[in-house]
Every structure is written in structure tokens, then in C-alpha cells.
């Protein structure tokens, strides 16, 4: 067999494989979208494509459940957490990357190690602390805990800042720029991929976390999407599966859209961080 | 000669600046600074001193008492007039947390105190050498420019301290008490029991059996989850990045989908897809004439399902990273290989693989550590089930972290949960520190 024929056989095999992986990646999402449009409320269906379409389940979310309020709550928490958390992550990343000072390495390793432990391992204590501060069942509590945990993941930011040429910073310093001036006017504009990556992961994290939110938010008015949706199928034994699917679609669509929209910046941010490891 | 004597006299006089300042500062924070004519700084430090005194006199004794005894009066019914009324006693857990906070604050004061003495001594030394001490304005601008990193670190670190370090210390302390669902404050007082819970975990057979099985599965799970995710992502990246493949960005977008869907949504979806009776996966299998597979109800199959589900959510990230790294490999290496007549497989093995591995190795280790704590996938997909009758509060697919969650949140075995927490802590920090010390982000600092 000549090299050429072998090459084109491999190429077709590659396309087949890509298609298989594509189906594998997309299928669950497709299945949920289809389920959300199906009549009835059961999990079981004869076909992937529904025979009769309905948007009733989406309406159900807003009539039978308090979906709109959950959405507003979640957005409020996620947006605030993202702003505060991103700042709290960029600051240590910058400090550790640019400056050399006493105790720097110790602080870095401590933060690194602490970042490896899931937050809820000490959830009882956080719960009691919040209780002492009279913050239980408030959104501030959730925002506070999410944002305070964000700096543990500074290493990515640090690695990214490391890739910014030192000569640039020094030149700015020679021109008389202060620390804050350098940070905002020179480093920040060069770090869009990093900021996007950090903000997006914090946003996605706080948008979808439910373990901690479930513990702290106790009344129906304060519920978030994740908690509401989780309760929907865990308390009703999945009898309302199609409505649940509609909820999933409404949660997943904005985040998925954001991810795809920012894909290029995301890849850059991930790579620059990864290269330096 | 006379000049020399005068010089000596003067230095005798001035030599005492540093000592006097230090002694004064040791008496009360800020006095030394006042003596050194740094009035603003001195006044501020004096105020801090007053605050510290207040803490040490009024708060610390109670805090230490609380930490040592964990409370002395129990909650009980007491006769008030004619009626019996419940009278609240000491709440051990609150005492413990408040005690911890106060002790930490006291330690910070001690640290400030030491710094204050050092500072006045140093300023005194400067004056002996004939220099003029900094004015308050100069001090502020000195801090702003030379202590800038500490300034911007202060807020993030304070957050980490209160919401991560403090709670972890609390959790560690709980392991040494008898805090369980049947023995909870405020109804009961807690006691320090030392290593009792540790001993029981290893000595009582039901506990130790569960512990060993769960630990073993945790490690197997972490290994398999990491390897499948990483090499799966690698394979897909190689596939997409071939020269002759068209619509590269379309394929990439398609494959990112599992990563972009929120974790708890996708896991709940997968849970339904793998449903043994109604799930579409089994429907299709039946269509092809293969019988139904007990995806979630059989211990071994449940583990397989977990690995598949985790692969599904984790391969896109490593694909993205590997594609990024592949694009940084210089093209002339491939050109040189082409001239030497290397096959595509050889190029992958000799060029792409080593280059990618070099950058990714630390991240792979970190993701192994992350998978050991991969709570979401397991909790949302199987919740640790199927239930195993031989285990204490654990199912067949529970890993250490989900077991910990069940022990504390669902069954109130707080002290055992804390012991497990400590074991995870020790296991992971050894791993993490070893790995972190080897990564480039740390290494490159040694030169500067």
C-alpha cells in the first residue's frame, strides 16, 4: 500500500473517531433538551426525538416553582462573588509573582496546600462562625465564604503574571509609575485571558455550587438555582423529570454559551498557566 | 585630643537611645516611638496597647477556660418559682470557636508587641548614628512602596484565615472530643478524649474494615480517573490537531461541551441516563440485543460508571491544555523529523509526547490529588451507593471525602469524620508540598 492511500484511510478513520467523540460529548446535552420538550413527565421515552413538542415544562418552572426568584438569587450571588473573588485571586497572584519578600514561599505553599482541601471538610465550623456573626440564611454569608475561598487558587494567576516580561514593568517604574499605576495600566491590559479564565471559573463555581448553599440557605425565598433544582428531584423521586430537564437547560445554556464565546481566551489563559505549572 | 574626648562623651550619651527606646516600648507599646519623636506612630501603638490590654484582661481568661474545660455547667431543668424551666448551660462548641478566635487575636497582639520593640530599637540605633527618624508621612510612603506586597496580601489572607484556616483548626480539635450525634451541645457538654476516636477507628473491626476498603478504592479511583482523563484528552487533542483535519475549531467547540455544562447538572443528567430501568443507555443496549446492565446498582458496575462519567467531564480540560502546549512546540522539529523520514507515530512518540509531558507532569499530579477529593462526581452520581451492609455509614463507591461528608452531615459522627479529615489532610499535604516544590513556578525563584 502506498503512503498516500494509507494516509487517506487514516484520515477517514480520524473523522469517524472525531464523530464518535462528538456524539459522546453532545449526547447527554441533546437528550436533556429533547426530554424537556417532551410531553408527559417520565424519564422513559421510546425515541430520542419527541413525537409531540411542548414548552409547557418551561412554563411549569415559573408557575409551579419559584424559578424566577431562584434565578435572580443565583445571579446576585454569582456576580458579586465573581467581582470580589477575582480581585482577591489576582492580588496574591501579582504579589507572589512580582515581589520578593520575607515569608513569601511559606505563604505560597500554605495557600497551595489549603487549596487542595474541599471547603466543606470544615463546614461545621464555618456554619458556627456564620451563626455567631448572625449571617445564617443570608446571601452575604454565601458570597463571603465563596469569595474568601477564591485566593487559594492564586497559583494560576501567579504563573500567568510570570509570563509578563519583567523589563516592561521596570521600564514603567523608570518612567515614574507607582505600584498601582503599573498594575492597572500595564499588567491588567496584558492579562485579559487570565482575568477571563479566573472570573469565569469563579462564576461557574458559585453559580452551580449547591452543597454549601444548601446548608446555609434554609428558606424558600433565599434558595438558589442549584439548591432548588436539586430539591426538585431529590424530594419528588424524579416524578417530574421533564420539568427538571427544562430547569437544567435554563441553567446550562447561559454558562455553556459563555464558555463557548470565550473559548479562545480560555485556552490562552489555561495554557499560559499550565506551561509554567 | 580634646576633640576626641568630646566625641567619646557624645557617643556615650547617645549610645543609650536604642536601649532606652526598646525598654520604653517593652513597658507599653508606642512609648519608645514617642521617645524617638515619632508621635503619630506612638499614639496609634498606644491605642493598640489599650486594646490588647482589654483583650488580655477581659477576654483571654474566659477563652482559655472555655478551651480547656469545654464548659462546666450542663443545660438542665431548674425550678424557677413553681415551674421547671430549661436553663441553658455552657455551649461547648461555641466556647471552642470563641476561644480559638480570642487566642488567635492574642497571638497577633504578641506579634505586634515584639515588632514594636524591634522597631523602636532600630529607630534608636538610627538616631545614635546621627540620622533623623522618619516622620509619619515618610513612614506611610515607605510602607506603601516597600511593603506593598504585604498590603495587597492582607485582605485575601485575612479571608483565608477566617474561613479556611480557623475552621480547619476547629475540625482538627473536634477529632479529640466525644462529639457525636448522640452527644451534642447544647444538651451535653463535650469532653476532651484525646486519641480515643483514632484508636477506635483502627481497633473496632467494622470501622477499620470500612476505613481500609474506602481508602483502597479512593486511591484506585484517583489513579483511574486521572489516567483516563489525561490520556483521553491527549488522544483527542492529537486527533483534532492533525494537519489534514478540517474545521478544527468546530470539533473543539463540540468537545468542550461536557466541560461547559455545570457539574451538578451534568452529573444528575448522567445519573438518569444510566438509570437501570428507564435510562436511554440501557434502552439502546436492549435495541442491540445486549441485556440491561445494572449500571448503578451493582458495586463493580457502579465503579465503572463513575469512571466513565468522570472521563466525560474531565477529558475536555486536558484536551484544551494539551492543544495549547502543542501549539508552542517549535515546528522545525517536525520538519527535521520529516526530512529524516519519521512516521507520524514516531513524531508523536519522540517529539509531541515528551514535550507535552514535560509541561503537564505537575498538573497531572495535582489532578490526581484533586481526584482523591472529587466529591461532586461521586456524591451526585451514585451518592456512594450501592449500600454495603459490612460498612459503617458507607457504600461501595464512597471515597474518603464522601464518607467524611456522610459521617458528619448525615450521621452526626463528628469526631470520626474529623479523624478521617486529619488523615486526608496528612496524606494530601505530603503529596502536595512535594509536588509544589518541584514545579517551575517555585523553582525559578531560587535565582532571585
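Here the Cβ of each residue, glycine as well, is placed from N, Cα and C on the backbone.
Bear in mind that the values here come from a model prediction, so they are computed numbers and not experimental data.
Per TrEMBL, these features apply:
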{"type": "TRANSMEM", "residues": "B:42-60", "note": "transmembrane segment"}
{"type": "TRANSMEM", "residues": "B:93-117", "note": "transmembrane segment"}
{"type": "TRANSMEM", "residues": "B:150-176", "note": "transmembrane segment"}
{"type": "DOMAIN", "residues": "B:215-435", "note": "domain 'ABC transmembrane type-1'"}
{"type": "TRANSMEM", "residues": "B:216-238", "note": "transmembrane segment"}
{"type": "TRANSMEM", "residues": "B:250-270", "note": "transmembrane segment"}
{"type": "TRANSMEM", "residues": "B:304-329", "note": "transmembrane segment"}
{"type": "TRANSMEM", "residues": "B:350-370", "note": "transmembrane segment"}
{"type": "TRANSMEM", "residues": "B:414-434", "note": "transmembrane segment"}
Is it the case that the transmembrane segment (B:414-434) and the transmembrane segment (B:304-329) have 3 or more CB pairs under 8 Å, with pairs at least 6 apart in sequence?
no
Which of B:42-60, B:93-117, B:216-238, B:250-270 contacts the transmembrane segment (B:304-329) most, counting Cβ pairs under 8 Å:
B:216-238
Given a Cβ distance threshold of under 8 angstroms, which distant residues of the chain, six or more beyond its ends, lie next to the transmembrane segment (B:350-370)?
222-223, 226, 229-230, 234, 238, 314, 318, 321-322, 325-326, 329, 333-334, 337, 342, 428, 431-432, 435, 438-440
